[in-house]
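Enquirer: The feature NAD(+) binding site is assigned by Swiss-Prot to ASP32, ALA33, GLU34, TYR35, ASP36, SER81, LEU82, GLU121, ARG144, GLU181, LYS297, LYS321. Among the features that Swiss-Prot reports, active site, N6-AMP-lysine intermediate is placed at LYS123. Per Swiss-Prot, Zn(2+) binding site is recorded for CYS415, CYS418, CYS445, CYS451. The domain 'BRCT' annotation in Swiss-Prot covers 702-785 and rests on sequence analysis.
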Amino acid sequence: MTAAKDRILELRAELDQHNYRYHVLDEPSIPDAEYDRLFHELKALEAANPELITSDSPTQRVGSVALTAFTQVRHEVPMLSLGNAFEETDMREFDRRVTEGLDLPAGDLFGGGAAVEYSCEPKLDGLAVSLLYQDGVLVRGATRGDGTTGEDISVNVRTVRNIPLKLHGTGWPATLEVRGEVFMSKAGFERLNASQLEVGGKTFANPRNAAAGSLRQLDSKITANRPLEFCCYGIGQVSHDISDTHIGNLQQLKAWGMPISHELKLAKGIGECLDYYRDIGERRNSLAYEIDGVVFKVNSIADQRELGFRAREPRWAIAHKFPAMEELTELLDVEFQVGRTGAVTPVARLKPVKVAGVTVANATLHNMDEVARLGLMIGDTVIIRRAGDVIPQVVQVVMERRPEDARPVQIPESCPVCGSHVERTQLVKRSKGKETISEGAVYRCVGRLACGAQLKQAIIHFVSRRAMDIEGLGDKSVEQLVDEGLVSSPADLYALKFEDIVDLEGFAEVSSNKLLAAIEDSKKPGLARFIYALGIPDVGEETAKVLARSLGSLERVQQALPQVLTYLPDIGLEVAHEIHSFFEDAHNRQVITELLGHGLQIQDQGELGAEFAASTTLGGFLDKLHIPSVGPGGAQKLADKFESLEGVMNADWLDMRQALPEKQANSVREFFALPEHRQLAEDAEKQLRDFGMHWQSEKKVVEGLPLAGETWVLTGKVELMSRDVAKEHLESLGAKVAGSVSAKTHCVVAGPGAGSKLTKANELGVKVMDEEAFIAFLKGHGISA
């Protein structure tokens, strides 16, 4: 027993220290796997010795038996709200009141008085909580409630990973009440909503609602699985003073294991407070969490006591609020727009309202599933949210304000742009040899490029900088070309003549010639760039690069079957089906043929990528057929036993049972009993042979890209090609292209106007190549400029 107890105490101390370094200092000291090993060792020891379990053990964060209701608790020191400032003059008036209250020399509304020291920190948008520690051990957690009475949420706060169950170090007061905010980061909020959607659970309108809803769960096991965090901002009741300043208090709390704001600062005078407010405001959208303002507090504890309180707020603190990110308004109508892939999506037309300082009259509704989830009707009062550069969105309906004449939102039967039929396509999730119909659906206009909206968006994407990079073709120019009937597919761009465009609005002789030259210059795209330009659903730049690097040629990309495509990194079966379906479409194949007929020469084509070609084994192939109940291990057993696809498909029952348990053996025989499954497997195997990547083939591959493992940097102007094209060429040779120079940089390509990067390269002794040498280098590797 003594050995077990000693080891338990040792593990708890070690895990507490690792938690502190990870959650408070942001300095993890061991890998996650090692932490998990220590945690599971402690859990096993406590399970074997339940009498040694204590409330402050790290294992007690997982949640306990669900409650039927929360009990009420009284705050010994009331949790008061703060006064608000909305304008700069409000802040200057607050500072004037503080200086007068402290009998300091006063200035006017624009300064001139004594410089009071203030603590500054962001006002987190979460749920205020009180944590009570007795002799360093967490004994109670409570909500703010009405400031005097809150709810006991002790079992839930124990599940928040960065709240210490026992304080670190020594010297803490016998009674210490820590106050702070429980919140959810933006990334955690997105993950939670995504997981809720997957299981058909409730989604949340914003991180604050998610945090509040999670913390007030009667079942603490649910809370334990939510990505909640805590940030300390002060103290309540305490048996003796900690420091003579507010910031001193927080720094000591941090030493005892409490997480505090990384943005905590000291400001001298109101001017520095306003500078801090502006700085945080500018960085607000890049912060990992949501804030709704900045809190300023007189830093001196003695001065705080002298200033005291008025009504239900302290005289020594104020919250300088940012413009609200959410507002109420009326949904006037729902209109429908058509995107590049034909998806018909709803857009909310709103009674104009100011949100975060910007007038909003339209908001995204994403799709009809979202309309149904919100229960949205035309005429509803809705909550609009706008955060940073994110398109405003409707996040909630205020049901109690729904008018009697509210109308349902209905998808149009015909395309609002071209009049073609709108079809409903059920979303399909493919896994383990079967197709699962999900609840979601997408509505598409069947008009394709005959639909002006789809055509315009397809052309805009095709000519964009990261696609074919045709300079001089902005959105308005594309709309003109389509509206004038000059362009009805991407291939038509390469048939344009001077006389076609010179008389168009915004064009003249010089701009027309420049455009034609830009179109001509785009005729030698890299394979990845060309694939991306085609606008294949779910294929972004990175997936296009994977396709190009792995398959090596446009022909193989066009021919690849879904089962073959899933060998590629980060391409699952659903994306593989999208790619295959795109190239199966006769119209898409015709557009590609026409593009090549206009003289496009796809660059960077060659053999299969070595990593891709080497990835094929019979076991892996069988696994990718997604035979029900047969995972990677079972697939490998089949490969070891039968050594060929034909052997597996034609195996008798006894041989199959020698390889697999009865259930799996039955599943394999039932799978290959279906002619369509046999055909699918045979077609995929044949394609692997045709591509030269069959497990029995002698593989012709790019064994090692010449620049594999090297880091290159581009600086200055590359005159014979765009920087993006130069980057593509280097990546096609295996290089990583970085944005800064370090001792690990292999080479810097320096064109005219190269600056600090060239200087640093010379200082570090990094190889430097001018543009002429770079072009020659590319030609030496079969790439023309």
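Glycine too: its Cβ is placed from the backbone N, Cα and C atoms.
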Enquirer: Quick one: among the binding-site residues LEU82, CYS415, CYS418, which has the most Cβ atoms sitting within 10 Å of its own Cβ?
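Expert: Per the Cβ count within 10 Å, the most buried is CYS415.
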Enquirer: With Cβ-Cβ distance below 8 Å and at least 6 positions apart along the chain, what are the contacts of ARG144 (NAD(+) binding site)? List them in sequence order.
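Expert: Counting only residues 6 or more apart in sequence, the Cβ neighbours of ARG144 (NAD(+) binding site) under 8 Å are MET79, LEU127, ALA128, VAL129, SER130, GLY150.
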Enquirer: For CYS418 (Zn(2+) binding site) and LYS297 (NAD(+) binding site), what Cα-Cα distance in Å is obtained after rounding to a whole number?
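Expert: Answer for this pair: 60 Å between alpha carbons.
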Enquirer: Using a Cβ-Cβ cut-off under 8 angstroms and a sequence gap of six or more, which residues of the chain neighbour CYS445 (Zn(2+) binding site)?
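Expert: Same-chain residues close to CYS445 (Zn(2+) binding site) (Cβ under 8 Å, separated by 6 or more) are VAL338, GLY342, VAL344, CYS415, VAL417, CYS418, SER420, HIS421, VAL422, CYS451, ALA453, GLN454.
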Enquirer: For the domain 'BRCT' (702-785), provide the mean pLDDT of the predicted model.
Expert: 83
Enquirer: Do me a favour and check the Cα-Cα span between LYS123 (active site, N6-AMP-lysine intermediate) and LEU82 (NAD(+) binding site); whole Å is fine.
Expert: 11
Enquirer: What three-state class does DSSP give CYS445 (Zn(2+) binding site)?
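Expert: In three-state terms, CYS445 (Zn(2+) binding site) counts as strand.
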Enquirer: As a test of the contact definition, list every same-chain residue at least 6 positions from LYS297 (NAD(+) binding site) whose Cβ is closer than 8 Å to its Cβ.
Expert: TYR118, SER119, GLY234, HIS246, GLN304, TRP316, ALA317
Enquirer: Which residues, same chain and not among CYS415, CYS418, CYS445, CYS451, have a CB within 8 angstroms of the centroid of the CB atoms at the recorded Zn(2+) site?
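Expert: Near the Zn(2+) site, the remaining chain residues are VAL338, GLY342, SER414, PRO416, VAL417, GLY419, SER420, VAL422, VAL446, GLY447, ALA450, GLY452, ALA453, GLN454.
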Enquirer: Please report the number of other Cβ atoms within 10 Å of the Cβ of CYS451 (Zn(2+) binding site).
Expert: 21
